[in-house]
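Grabbed the feature section from Swiss-Prot, which reads as follows:
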- Ile104, Gly105, Lys106, Gly107, Ser108, Phe109, Gly110, Lys111, Val112, Lys127: ATP binding site (BINDING)
- 81-91: compositional bias 'Polar residues' (COMPBIAS)
- 356-431: domain 'AGC-kinase C-terminal' (DOMAIN)
- Ser74: phosphoserine (MOD_RES)
- Ser78: phosphoserine (MOD_RES)
- Thr256: phosphothreonine (MOD_RES)
- Thr369: phosphothreonine (MOD_RES)
- Ser397: phosphoserine (MOD_RES)
- Ser401: phosphoserine (MOD_RES)
- Ser422: phosphoserine (MOD_RES)
- 131-141: motif 'Nuclear localization signal' (MOTIF)
Amino acid sequence: MTVKTEAAKGTLTYSRMRGMVAILIAFMKQRRMGLNDFIQKIANNSYACKHPEVQSILKISQPQEPELMNANPSPPPSPSQQINLGPSSNPHAKPSDFHFLKVIGKGSFGKVLLARHKAEEVFYAVKVLQKKAILKKKEEKHIMSERNVLLKNVKHPFLVGLHFSFQTADKLYFVLDYINGGELFYHLQRERCFLEPRARFYAAEIASALGYLHSLNIVYRDLKPENILLDSQGHIVLTDFGLCKENIEHNSTTSTFCGTPEYLAPEVLHKQPYDRTVDWWCLGAVLYEMLYGLPPFYSRNTAEMYDNILNKPLQLKPNITNSARHLLEGLLQKDRTKRLGAKDDFMEIKSHVFFSLINWDDLINKKITPPFNPNVSGPNDLRHFDPEFTEEPVPNSIGKSPDSVLVTASVKEAAEAFLGFSYAPPTDSFL
């Protein structure tokens with residue numbers, strides 16, 4: 001197979017191919033790093049710290065949202081501040097209600113497991129988080145916010161739904177929809193990029209999900225291929241709402257420095273107040289990656305990548321349509337006030353000529369056949385999950401419901417920090 005690049009129009013040499021592979025491997029590894037770990041790493045690099053943009057970023061002023069920046073957390077919310085969880089007579093779920101079958105994902109605070117409910121014989125994805133790790137990084141308010149956002153997702157087909165949440169003395173459990181078509185990141189790794197019709201379909205479903213969150217005054221803030229799943233039919237499902245910010249109305253802003261390096265909008269890097277349009281920048285970055293194989297301003301040198309995001313003009317190769325080009329230019333506009341979506345939010349995206357072939361009513365009702373079918377044979381088909389996860393043994397402690405727990409100061413602290421976490425749906429819910 002002949003591969004051509006902008007720099008060399010002929011067949012790639014072995015040395016050039018090795019260089020490309022090295023770039024992609026470095027890119028994948030870096031993508032798996034948390035933002036906090038990345039900032040710590042760059043802060044310890046004396047050469048990187050000399051770069052003016054890095055110096056600017058590291059001099060972060062006092063954030064308005066302390067839970068994401070390792071400041072002292074606010075006192076835990078009182079029961080009256082919690083979302084109404086329905087009739088208190090509903091029984092709480094417990095770990096022993098499930099058969100935990102496979103590890104299918106990992107994160108900063110725990111694991112995601114495929115589990116089958118013993119009584120219902122239904123498969124779920126159960127996100128199990130360690131309270132000790134959450135409290136150590138002072139992220140308890142952040143976790144409660146994720147749970148609150150999940151409770152609002154039940155009415156949209158392209159957002160993962162929460163069925164139960166409960167806790168033991170040392171762990172939190174999110175019982176979620178089980179989605180086994182694989183991460184968009186996984187499919188991009190295998191295929192490198194997508195044809196425009198396929199990219200348009202995914203972008204439309206993603207935009208629909210973001211528009212719904214915005215209608216609830218929620219900004220997603222962490223759109224990236226790792227957080228976009230495909231269901232068994234090939235429709236997208238957004239997951240991981242840990243960086244969502246609630247109560248952001250149309251003209252409201254927030255200022256926390258958070259997100260994933262490759263997808264940070266210029267206003268976030270500048271430490272300026274930002275609004276819902278940060279999600280439309282991320283949509284542009286993901287669409288660009290689907291069409292070209294890498295994020296728009298990517299560099300192995302993170303300081304250089306940040307400088308590209310802030311200062312480098314958007315460069316688009318000629319192998320896309322004019323409508324795709326126009327959409328990318330609108331979404332990846334560095335001035336958020338001029339960005340597509342700044343005035344009428346999702347309606348501007350929806351009415352763009354790039355999506356003129358999309359029937360939005362059919363889209364939301366899943367009447368449009370996805371351009372790619374993951375071809376999973378059933379819930380036990382794990383072909384689209386990373387073997388790094390699925391080959392890992394399931395920890396014995398995850399499925400146990402201890403009859404008694406030694407009450408220590410740390411256990412009491414955890415109980416207070418996650419007050420109101422447990423959730424059982426009311427009888428008229430989506431279950």
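Here the Cβ of each residue, glycine as well, is placed from N, Cα and C on the backbone.
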If you measure Thr369 (phosphothreonine) to Gly110 (ATP binding site) at Cα, how many Å is it?
35
Whole-number answer please: how many Å between the C-alpha atoms of Ser397 (phosphoserine) and Gly110 (ATP binding site)?
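Ser397 (phosphoserine) and Gly110 (ATP binding site) have their Cα atoms 12 Å apart.
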Quick one: Cα separation, Ser108 (ATP binding site) versus Thr256 (phosphothreonine), in Å?
19
Quick one: what's DSSP say for Gly110 (ATP binding site), helix, strand or coil?
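Strand, per DSSP.
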How does the model score the motif 'Nuclear localization signal' (131-141) in terms of mean pLDDT?
84
Quick check on the recorded positions Ser108, Thr256, Thr369, Ser397: which one has the highest count of other Cβ atoms within 10 Å of its Cβ?
Thr256
Compute the C-alpha separation of Val112 (ATP binding site) from Thr256 (phosphothreonine), stating it in Å without decimals.
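Counting only the Cα atoms, the answer is 27 Å.
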Counting across all protein chains shown, how many other Cβ atoms sit within 10 Å of the Cβ of Lys106 (ATP binding site)?
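Taking every protein chain into account, the count is 14.
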Under a three-state reading of DSSP, tell me whether Ser397 (phosphoserine) is helix, strand or coil.
helix
Work out how many Å separate Ile104 (ATP binding site) and Thr256 (phosphothreonine) at their Cα atoms, rounded off.
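The Cα atom of Ile104 (ATP binding site) is 30 Å away from the Cα atom of Thr256 (phosphothreonine).
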The record names Ile104, Gly105, Lys106, Gly107, Ser108, Phe109, Gly110, Lys111, Val112, Lys127 as the residues that bind ATP; what is their largest Cα to Cα distance in Å?
15
